[in-house]
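According to TrEMBL, the protein carries these features:
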COMPBIAS  1-11  compositional bias 'Basic and acidic residues'
REGION    1-40  region 'Disordered'
TRANSMEM  81-98  transmembrane segment
TRANSMEM  110-130  transmembrane segment
DOMAIN    147-387  domain 'Putative ER transporter 6TM N-terminal'
TRANSMEM  150-169  transmembrane segment
TRANSMEM  176-194  transmembrane segment
TRANSMEM  206-229  transmembrane segment
COMPBIAS  269-283  compositional bias 'Basic and acidic residues'
REGION    269-302  region 'Disordered'
TRANSMEM  629-646  transmembrane segment
DOMAIN    652-789  domain 'Integral membrane bound transporter'
TRANSMEM  680-701  transmembrane segment
TRANSMEM  708-724  transmembrane segment
TRANSMEM  730-748  transmembrane segment
TRANSMEM  769-792  transmembrane segment
DOMAIN    793-1021  domain 'DUF2421'
REGION    1033-1058  region 'Disordered'
Amino acid sequence: MENEAERRESPTMESSTGGPAKDDMAGPSEQPALPKQPSKIKQLWTKIGLDRMTLLLMLKGSLPPTIAIAMYQSTAVANEYSTLGYLVAITSILGFAIMPRGMFIQTMSLNIVAVCFAAAMNLLALYTVTQARFHTTIPYGKPLQGYNSSASAVCAVWLCFQLYLINYVRASRPQFQFPAIIYSIFVNVSLTYGTQFPTMTSAISFMQRLLGAFLSGFAIATAVSLFIIPVSSRTVVFKEVTGYLMCLTGSLKAQAAYMQSMETIDPVEAQKQKEEKSINEKDKHRHGKTKSEPPTNPLSTPASLKLKELLGKTIELHTKLHGDITPAKREFAFGKLESHDLTELWKLSKAFFVPCIGLSASMDLIQRFAIDSDLGHKGSSPQDQEKKDHHLENIHFVMKQLHQPFAHMTAEVDGAVQHVLITLELIKPPKKKADEESGGDQIAPGSPGFAEAYKRKLDDFYNSKKATLGEWCKAHNIHVPEDYFETTFVRPDSFKAKDEQKREQYQRQLFFILYLEYLLWRAGGAALEIVLWADRRKAEGALKRNKLIFPGSRTLYKWLVSVFGREDLSNDGHYMAEADSGGSEAIFLGQDFGRRKDPEHLPPRNTLERVGDTIRKIPQFFRSDASAFGFRVVCATMTIAIICYLEATQAFFLQQRLLWAMIMVAISMSRTAGQSTFNFVLRVLGTAIAMIGAYIIWYIVDGKPAGVIVFLWLWIFLAFYFVLKFPKLLVVALLSLVTAVLIIGYELQVKKIGVQASISNGQPAYATYLLAPYRLATVAGGLGVAFIWTIFPYPVSETTELRKDLGASLYLLSNFYSIVHETVRARVTGADGNSKTKGSHAYNLEKARDAVFSKSVLLLNNLNMNAQFSKFQLRVGGRFPREEYDGLIACSQRVLQYSALMSYASNTFSIHRDDSTEPSQWSKDFRKIASGINPTSHRITSLLALLSSSITYGQPLPPYLDMPQPFQFMKQLHSLDPDLLSVRHIAEPEYSAFAVLQVCAQAVTEDIAKLKKHVTNLVGEIDFTFHAVNTGRESGDLASTEDDEEEKQSGAKSRHSQ
């Protein structure tokens, strides 16, 4: 059942970066309250992240293998499992009882199906093996024991066949990671011991014990997961939503702090300090590269760095919630909020996410302006310096004017979020002291009348922008009457700038101010929507009592389909993230991605052609990336398994337990070379640490079973800290756990059933001080073989995956921008319809827009992960152009961000909103004129699609690409009606929305140009360079001078640069 009390007590969710979310996320909102410096021990405790939930999950993860080992000390249990008792403990670890309930049930169901199917398949395989032994034993009647080449050959064939298919599934369907590994372990055990079975009777007996061991381990993991410290997916989601909303309000506070830091900044002095720091670091590390910030960012402050850090954590939580919200809606639970409430809460939270992220983008806009104006250096002339000083004064003025309204409104938005969390019982309400400090004139969050009071403050902030604009006009010597913004008849000549360049400069400054005010107002409005929804659900009685919650039939149907289909996964919520194929392979990009028309075949028209088209899919299956991975796993496994299938080495294989080298291949094989190189070293190191730990566990209590079990539990308990806090090192921690359990479990097995029973399977019994290094050698050998076959015969490098993922990201960006363009057009023309009406144009656009946006955010996070792994790849040849790829990723993130803002701001133009009113005359005129102008959005969509194809397939770009120009749409509007964009229309809501659209469009245009530049640097550009020659010469005269010949050789060339 859902632990509501625990959910209220712990409002924040642990971040996937390793620290507690409470410190990472809520920190910006708790900065003012620092009454006492915590002790060193408490600081260390906080730094390593050992909060209550982490300790409970460490305890929960350590219980299944400990129970399995302790259970084996019973004589009845030992007689049942015989020499396979240690497998119960290992499979209980692989059951991963620490997963949330919804995800655990899905994974465990797949594990059970995989094990049962593996048992059936391998019974068939063992039947053919025993039959091969029977029919090739000459003379007939001879004992069916010992080595048999036919039986070994049949085992090898079945092993290759099953491993190839299951690893094909593993690479193509990320949700089958755990089941595929467990299936591979089952196959390896069955078909290595299968070479020794004389008859089906012994084979069936072994399979019964093996299947029982696997299912017993799963049963222990299931019992621990469901009954000991149960954690539902809903509990996880509620904690993540709490941290997510706190992160968003924290980003608003960090934005206000950044604006305050910009009020008095001196970019020349700041740039000078950065350059001196960079020089000092280079002097300290002359033989290495420094990681100091490049001196091209003159307006970077500590507040901006903190804002960037908080922004990254917010996006990380957004990605994690995207993957975790679906299992939460699917599970049966006992709580208050139902599945549709989770959907609505997530939808409203995403609406709050976009303007908050857009406000953070103002830092990028300011820094772009500073770089373009070269504010980090003094002017080359007095006129140039005067121009730079004027730009800097404008920045200082705007930040000072907006700082106070922003700080005040940010505090109100923070109160709104607190109200939501208190109303939904996600955090405890504050004590009465908070009310006393408010002076009694403000309604505290959680109170009944909070929504009305908050809405009044939001309206006051919206109306205050006229005062801000009036101050801006005075600062620029623009004299306007007091009622200028209320009338449409007064046109003071003093506002009409004769200098066109100056007019555009003023207009862009004005648009930037409106950009900031509009987004903060929309962020406050999004917070108001969540407040109203929470109050409405409370008034409807949804939060009065707990109740049984059942997912709908449609939700269950989607769950069943997703098990075998393609579904977007949040890597942070997936406990096999490190072993995932990663990148675009974990994200379903749509049926059209990667699908190209066959230039050699037309679509089939009759039955014969359709049959032939089906036959052509067979070679497509074998040349896929998933098939290549399956083949690599087979080769790596057979490199070790061949020792078992040869007569001279079969006994050595069984005696020295080389089976575990095969199992290490199944666990540790990865698709890409960078991960393999990085993890190979860590996994060997983790295994060596486990060997040392086994010595300590066994000899510190002199091999006494009770003491050994206690210290083994302590070892597993500590190892699960790394599983929880460092998800990228999951397999390393897993191998360390399995190795320790393997060594200790086997020694306890020998002590329990005796040496004679332990060596009945042909394996000699070793003392711990011998068994531990043997296990280390076996595991290291398996890891080494897996590493070799990952890079041989050719490596699938992280950089290759990075390039393909970038192509997929640009494809999604092209798709997203096309949807945004159609959304804006439909809203401006009034053809969008009501987004709440299923089947309407607006409904379909919103559904497609949300899906593509979520996929893009998830893919960009995977891009950053792959970029980090590319550091550990072995390089042969030239240096990897990391700067270009980092630039591509950064530009892609910004294009996605600004495109989402354009879609968000265009909602103001929709006449089908719930709060929409009768359009004003200016709004009608604007829509009429704007509808007749062709924007350049389609050009951007085409260019992004072209860049995607070019980077994916490594093809050079075509020459003479026509790049979109900024502010063309605004110039066309001004040429048709100069008064349409007059500052007097500032009170119109659509005016501010149009300002946001123009600011974002300019940023997108600049980033598109940067994207094109980065792609050109990577793949090149086709360049047909021909020098002009004398065309008046007769065509029959082929004689040329020596100079003409040199001109032909140097000029008539086509350069294909890559």
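One-based numbering along the chain as shown.
Using the three backbone atoms N, Cα and C, a Cβ is placed for every residue, glycine included.
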Tell me, please, if the transmembrane segment (110-130) and the transmembrane segment (680-701) are in contact, taking contact as 3+ Cβ pairs under 8 Å between residues separated by 6 or more positions? no
Do at least three CB pairs under 8 A connect the transmembrane segment (176-194) and the transmembrane segment (629-646), leaving out pairs fewer than 6 apart in sequence? yes
From the DSSP assignment alone, can you count helix, strand and coil residues within the domain 'Integral membrane bound transporter' (652-789)? 118 helix, 0 strand, 20 coil
May I ask whether the transmembrane segment (680-701) has at least three C-beta pairs under 8 Å with the transmembrane segment (769-792), counting pairs 6 or more apart in sequence? yes
When you scan the chain for residues with a C-beta under 8 Å from the transmembrane segment (680-701), skipping those not six or more beyond its ends, what do you find? 668, 707-708, 710-712, 715, 729, 731-733, 735-737, 739-740, 743-744, 747, 768-769, 772-773, 775-776, 779-780, 783-784, 786-787
Summarise the model confidence on the domain 'DUF2421' (793-1021) as a single mean pLDDT, whole number. 82
Contacting positions for the transmembrane segment (176-194) when only residues 6+ beyond its ends and CB under 8 Å are counted: 87, 91, 94, 96, 107, 110-111, 113-115, 117-119, 122, 125-126, 129, 151, 155-156, 158-159, 162-163, 166-167, 169-170, 203, 206-207, 210, 214, 574-576, 579-580, 633, 637, 641, 644, 653-654, 659, 662-663, 666-667, 761
Which sequence positions outside the transmembrane segment (730-748), separated from its termini by at least 6 residues, show Cβ-Cβ distances below 8 Å to it? 65, 69, 72-73, 85-86, 89-90, 93, 575-579, 660, 664, 667-668, 679, 682-683, 685-687, 689-691, 693-694, 697-698, 703, 705, 708-709, 712, 715-716, 719-720, 722-723, 758, 768, 771-772, 775-776, 779
